[in-house]
Amino acid sequence: MNGRVNATNGYCSGNDIQFSCNPGYELVGRSDATCQEDGNWNRDIPTCQLPTEESRTSTEAIIGGTSAGIAALLIVAAVVFTVYLRRRRKKRKEENYQQSTVYFVPDDVIIHRRRLEEMVPPVPARPQFPKLETDPGRVTLGEKIGSGAFGIVYRATLTRDDRTEDVVVKTLKENASEDDKLGFLEEIRAVVDLGVHKNLLGLLGCCTVVRDHLYLITEFMPYGDLKSFLRKCREEATSDEPGDDIYTFEVIQMYQVARQIARGMDHIARSRYVHGDLAARNVLVGKRLHVKISDFGLAEDIYSRGYRRQDRLQRVPWKWMAPERLEDGKAYSSQSDVWSFGIVLYEICTLGGDPYPGVAVSELKDRLQAGFRMDQPEDCPRAMYDLMQQCWRWQPIQRPLFSQLYLTLDKHLAFYGPEYLLN
């Protein structure tokens, strides 16, 4: 009943012997003994008996504790290994993303000017407009012909297809920020989106890959900006010396130039854009008094959201701006460009005069709201001044559309003869 004691190594004198029990029994006493010469053992022979409840519980506890410890270690090891794999996969994904990502200006949002507090990604390393991308090595900058808050304009030459042509290159200043560079890309995007029109400055190419050579390449207009051209006309009118006939600027020429600008602005409005900086300085003059609108640095596709809100950090031309744009956060639309068009008409009729002479910018908004408007300039046709007043109505919805302005000017110009409608 108590099992059987099993011995190994024999019973010879001087031998050690090891004792064990059959399965299911436990050994009581020492498990080894030595055989002496007198045939006795050096200690009592052990016996086998069924395990007691206490020993069984102790053994199970030891086995259970050991098993639980091993299981816990396995679980911890599995968790650590899983976290390691996930982190390794995430790191690989991030590395692959950084290698494959091309930062670009999304069509629906980034055409709008970014807020300065947003994170600005770096200028892209790949061409943004592949069909227009031009090797900067083919561009030779010449005389600086203009400078603004963000950029510089150069007269330049462009070599392509074994021929060289005169062009105008707009680029950024040396200390341009990443935000300025993104804004410059937005301007290129606006010019691309607006497409080809006889009264918009033609885009010949761009450089967007080399970080220090971001170029907007446009056609060359030999008589420069309209503001300077008009002042040259004023000088020529009082000079006794013979000059270029193009500087003879009278009522017919006023209507010719105004009509072309209205037609170009109508195209911009129909293209769902607001120019944002319409002024005589941003209209260029070519041969035969052909004018084209330029400088789309503030142009925005506002109709993707129905309207646009003024960025308070934007550098803006206050005296050309509509009242709704003078108010911080006020909504505005293409009818704000119509107000600016009225200011351009004033510049045309005064041969490059500055708007609101003698009025400080700080007083302008309050005076406009009180009903103040500029007087009819000397030598300005009454019909032209009537158009100015319509453009300067306080409520944007009450101002005429560019399509209506174009048709009205076309009608006035047709009175002088069809030959004046060629441009």
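Note: Cβ is positioned from N, Cα and C throughout, glycine not excepted.
These numbers come from a predicted model, not from an experiment.
Neighbour density for Lys170 (ATP binding site): within 10 A of its CB lie 24 other CB atoms from the protein chains shown. Marked as ATP binding site by TrEMBL: Lys170.
Residues or ranges marked as disulfide bond by TrEMBL: Cys21-Cys48.
Marked as domain 'Sushi' by TrEMBL: 1-50.
Taken as a whole, the domain 'Protein kinase' (139-415) shows an average pLDDT of 89 in this prediction. The domain 'Protein kinase' annotation in TrEMBL covers 139-415.
Residues or ranges marked as transmembrane segment in TrEMBL: 61-85.
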Lys170 (ATP binding site) and Cys48 (disulfide bond), distance between Cα atoms, whole Å: 104
Rounded Cα distance, in Å, between Cys21 (disulfide bond) and Lys170 (ATP binding site) is 100
Within 10 A of the CB of Cys21 (disulfide bond), the number of other CB atoms across every chain shown is 20
